[in-house]
Amino acid sequence: MGSLRGSKKFHMTVRVATFLAVLGVSVHASLAATDSYAINSRQQFIDRGKLHAGVKNRVEQTGEADIILVLNDIDVISMADRIKERLEIRNDSPEITAEKSRLFTNKKKQALTALSPAHYQLLQDYDQLPVMHLKVDAEALDALLQLDEVVLVNEDRAFVPHLSASLPLIGALEAHAAGATGSGTSVAVLDTGVNYTLAAFGSCTAPGIPAGCKVAYTQDFAADDGSLDDNGHGTNVSGIIVGVAPDTKIIGLDVFRTDGYAYDSDLLAALNWVLANRTTYNIAAVNMSLGGGKYTSGCPTDSLASAINNLKSAGVVSAISSGNDGYTNAISSPACIPAAVSVGAVYDANVGSRNWTVCSDLTTTADKVTCFSNSASFLTILAPGALISAANITMAGTSQASPHVSGAVALIRGQHASLTATEIVNKLSSTGVSVTYNSITKPRLNVAAALRFPQIATQPASVAFGYLLIGTGEPAQTFTITNTGALDLSVGTIALTGAVADFVMQSDYCSGQTLTPAASCSVSVKFSPQSAGFKTAALSIPSNDPDQPSLALPLSGTAGMSYTLTTAKAGSGTITSAPAGISCGGDCTELYPQGAAVTLTALPDPGWVFAGWSGSGCSNGPCVVTLNGDFSITALFSLLQPVKLSSVSGSGYPTIQSAYDAAAQVDAIQILAQTFTENIFLNRPVSVILTGGYDSTYTSPQGLTTINGTMTISDGTVTVANLVIL
C-alpha cells in the first residue's frame, strides 16, 4: 500500500494510546481484505447503517476505496448549545465555531491514529466539520469501522441537478413593498456556477464589481472548467433567488464536475467554506438544487448531515430540492437530512398540459403539485417550480422551487437578524398555504405571511431616576408598551430584575395581555432606595416578539445617606440655605444627602447686626457646611450700639468714649441721634472725625477738638461744657 501513503502523517502519542485503550479501540488493525471474518464483519456494519455497501464492494474488488468518513459530533454540538444558553445567544458565534473546529480537528487526528500511515491517504480535510475524504485499503477500513466515534463510512457519491408568475403567488411583491428585500444578507448557491455578467445580476465584470453587482463571491470546488456556468442551471437558480430577494447577494459555489455530477467531497468542501465564511458574508441560506437516491424516511447519518446540522446551529438554513423522480413516498438525498428544508414543486399558473420525463400533467393550475415532484410525509414545504423564468433562462423542477425558499429565508433574515434557523423554518411552514397532493398536505411558501410578526416597542426605552435619599421616593415613571407589528403581541409576566428591593412596580396593566396591532398598555415603576449606592435594575418584558423575546428596560438611580443640619440663632435675624430647606426662624432643621455642601446665610433684623457663627469655624460671612454626619450651628445676632467706627465692623460701642478708645488715626466716629452724658477723655495721639450716624446727620461744628467734660448731641448740635483747649 505504498501508493496510499498520504502527505500528512499522524503519530500516536502515549496519551492518545491510553485514551484509545480506555475506549476499547485496537490501535493496530491487521484485518486483511480476503479475510472472510472481515468480510462478514463489514456486512454487519452495512446492516447497522455505518458502512455503505458500495465501499465494501469497492475495497473487496480493488483493494482500496475513496470514502467520506463522518465522526460523531453530538457531544460537540451539545457543548455549543450549553455555551449559547449560558451566553444567552441564539446562533453559534465565531468563537463557538472556532472551538467546534478545534474539537473536530482533535477527533479526526485521534481517529487517524488508529491507522497505519501506509494504509490510508488523506485526500481532503474539512476543518469546520467532523468529516474527512480518505483513500483507504481494507485494513484501514476495518480499523475505522471499529471506532465508536465513526458514524458513517460512505462513498463519495455523485449527485445530479434537479431539473414564472411565481413571485406574486408567494407574496414576494407584497414583501418588497413592505421593505423586505434581503438587504445585508447573502445566499450560497451550490450548483453549476453563475453567469454574473447577465443584467439580472448587475452586469458584473467580476464578483462585487461594479458596486451594484448582486454576486459577491464565486469559487470552483470541483475542478475549474474555465466557465462561469457551462450549464445554466446555477444561473437560473441564482436568478430566482435575487428575484425573490432583490437585495441579497449570491455566493456562487461551483460543485459540478465536467462529468455533470456533484460529488460528496466537493459538496463538503463548499459547505465547509460556508461555515468558515458565514459571518463575513452574513450567509442566511444555502441552496442545493441537486440530489439523488430514494429515501422513504429521514437520513440523519447522511454524509452531509453533519455539515447541514452545523449550518443550522450557526443560523444558516439549508434549502434542498426534493427531487424530480415522481416518488409519492420518498425524497432524494441530501433533502432527506432532518436538519434540511426539503422543497417540493407546484405550478405557479395554468401552463396547459405538460409531459415530463417521468410523468405527465394533463391539466395545470397555480398550487397544483407537479407530477414529477418527489413527495413524502416528511417533506418540509412546497414552492413554485414550474415553469420558472429567471436570468433569461426558463426551467422547471424542484430545483426551481428550492431557491424560492432560499430567497424567502434571506428576506426574513434581513428583517429579523436574531432568529434561529429553526424559528425561520417554523415561520415559513406555519404561514404557508395548505396544498394537498397524494393525501399529503403540505404548506406552500407564502413569504408575505411569513414576514408578519408581532413587534414590541416601549416609551421610554430606559429611565435614570437620579439621586434620592434613602427612605424617600420619586414619583413613579410610566412605561408604555405598544405592538408596532402586524400580528398580535402576547405579553408574558413582567418582572423586575437586579436591585429589586430599591425599585417598586406601582402598576401593571400589561402582564398576560394580548395587544392587537397598534394597541398599547402601561406599567409604572418607582425608585425607592433602601440602601446607599448606585442602583441598577431592569424591567423584564417577555413576549412573542421574535427579535426581542425578553426585552429588558434599564433602570438606574443613586441612593445616599441623609444627615440632619440643625440651625439656631442668638438674637434677632433669619438663616437661609442653598440648596433650599433652611429658613430659620421657621424651619431650622433639614435633611440633606451625604456629602452635600450647604451654604448658610445670616440676615439680621432691623436694629440688629450679624456677629458671626458658633460651632462651625466659619467667619462672619456665609458659611459652607459639608455634611458627612449630623451637624448643628448657631448664628449670632447683636443689637446695634449707638456709636460705631468707620474702620471697625460689628455691632458698635455703647459710649463715645469706648469708640474713641478703639479708634484709629483719622477714624470716623458715627453717632446715633440721642443724648450722651459722659466724660470723654481725648487722651490718645489720634485725630478723629465726628459724623452723622445710622439715622442722623452731623453738621457742625467740625474739626479736631479736645474735650473733657459732658457733651450733648441733639439734632445736629453739639453742646460742650467746660471746654478746655490744650
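The backbone N, Cα and C atoms fix where each Cβ goes, glycine too.
Pulled from TrEMBL:
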type: ACT_SITE; residues: Asp191; note: active site, charge relay system
type: ACT_SITE; residues: His233; note: active site, charge relay system
type: ACT_SITE; residues: Ser399; note: active site, charge relay system
type: DOMAIN; residues: 182-430; note: domain 'Peptidase S8/S53'
type: DOMAIN; residues: 563-638; note: domain 'Bacterial repeat'
type: SIGNAL; residues: 1-32; note: signal peptide
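Recorded features from TrEMBL, shown on the structure.
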residue : record                           : CB count, 10 Å
Asp191  : active site, charge relay system : 28
His233  : active site, charge relay system : 25
Ser399  : active site, charge relay system : 29
Q | Reported mean pLDDT - the domain 'Bacterial repeat' (563-638) | A | 88
Q | DSSP residue counts for the domain 'Bacterial repeat' (563-638), split into helix, strand and coil | A | 0 helix, 49 strand, 27 coil
Q: Quick one: pull the CA-CA distance for Asp191 (active site, charge relay system) versus His233 (active site, charge relay system), whole Å only.
A: 7
(Q) Measuring Cα to Cα, how far is His233 (active site, charge relay system) from Ser399 (active site, charge relay system) in Å? (A) 9
